[in-house]
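A quick write-up on the structure given underneath.
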Amino acid sequence: MLFLGFVTGALALASTAEATTARPRSPSPVAGHTGLLKRVSSGGSCGPGVGTCDDGLCCSSKGLCGTGGAFCTSPGCQLTYGPACDGNKTPEGADTSQVSRPKFGKVPYGVDITQCSTPRTMALSFDDGPYHYTHELLDLLKENGVVATFYVTGVNGAKGAINDPSTDNPAILRRMLADGHQIGSHSWSHENMETVGFEERRNQIIKNEIALADLFGFFPTYYRPPYTSCGDECMAELAELGYHVTNYNLDTKDWEVDGAEARVNYETLLAKVTPKSGGVITLAHDIHADTVHGLAQFMIDKARSQGYKLVTVGNCLGDPESNWYRDTKSGNAVNDSLIRNAAGNPSSVEEKGEDVSRNKDIQPGGQSGRVTTQTPQTESAAANSGDDGSPTHESGAATSLGKHTALGMIFLFCFYALCNGMLR
């Protein structure tokens, strides 16, 4: 009886050890005096003063944790509280943060430039691409013998990284160069440069450099801040990084009105500018169907009828093409042959087939018909992980130790009992 009692007690000890040590850790404290935010699982609330989503999850603009386009698409996804936001991804390619950045050319750095310095010139500029409609816009520009400037973003609108070879983006960008257009930077994920901190602001600039340099071996010296939001600190940082900050003096408002109203806006504002007084830099977006399928041709025709010469932003500022980009090896201006070699022979995006959501514009907030997919943490993984998503290895080790201790006690008692019987 003594033997059976001991065995029963040992087994109970093993069971208790497993139940106790496998208990999950309590979540981190809510933001308070400790400055920490609790970790939030899928479906929970996130955001300032609320919590940060678990690893692998995104914090949507509405403050909910989850996966997919509605949660992860930038710029809507809250970078600080959603680890898996598209904007938190880093593109493939060599780090450009240590590239030398000498100033070259006559165009000023780190100051707000809003119009052409060359009279009777107009620079058509398109923001936020490349996107589904960009190749059609390139066709239109080529048919009209017009060059333009494209301020590209790296990953917004669920389009994938611009240097991702599984997308049409690299071919579209190479075609831009091949057709004589200018490529400028418009940040990595279209974040407001005034509402993010110093570190994230620099990330937005450097990540886009990495992606473009990965494709071409150089990156732009022309930059347009999202929402034209860039105060003194932002301007100083862009000057340090060697950027000409180029905005516009004619906003078509195609980002908030339909094509017909955008044409009225363009015509009304253009009537207030005299070609002799200086040039015009326009703002439109190649992410909108109405812009590509109507507004662009209207702008070209109206400009020419009023005597404007259609050029790139660099052209209208009197800056030679070699100064539009910075060589990642030397930090200096690139030579024309490097630009031509980078353009290569871009494959037709039509050969890859169209995206099924091609008729979807990017909606306000940067979301579109396409979605990104992230694999959520499985239930089995969640059951064996802590609040930060990492496996609770210490719990497993303690459970094993408890079992082995109890079984060892049983073995020793049996050995003792056997020896005692033999001695008798």
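Using N, Cα and C of the backbone, Cβ positions are placed for all residues, glycine too.
Computed from a predicted structure; not experimentally measured.
Residues or ranges marked as compositional bias 'Basic and acidic residues' by TrEMBL: 349-361.
Taken from TrEMBL, the feature compositional bias 'Polar residues' applies to 369-383.
Among the features that TrEMBL reports, disulfide bond is placed at CYS53-CYS65 (among others). DSSP assigns CYS65 (disulfide bond) to a strand in the three-state reduction. Applying an 8 A CB threshold to same-chain residues 6+ apart, the list for CYS65 (disulfide bond) reads VAL40, SER41, SER42, GLY43, GLY44, SER45, CYS46, CYS53, ASP54, LEU57, CYS58, CYS59, PHE71, GLY82.
The disulfide bond annotation in TrEMBL covers CYS58-CYS72 (among others). For CYS72 (disulfide bond), the count of additional Cβ atoms within 10 Å of its Cβ stands at 27 [all protein chains shown]. The secondary structure of CYS72 (disulfide bond), as reduced to three states from DSSP, is helical.
Under the heading domain 'Chitin-binding type-1', TrEMBL lists 43-87. Over the domain 'Chitin-binding type-1' (43-87), the average per-residue pLDDT in this prediction is 96.
Residues or ranges marked as domain 'NodB homology' in TrEMBL: 120-311.
As annotated by TrEMBL, region 'Disordered' applies to 336-397.
For 1-19, the entry in TrEMBL reads signal peptide.
In this view, CYS58 (disulfide bond) is surrounded by 32 other Cβ atoms within 10 Å of its Cβ, with every protein chain counted.
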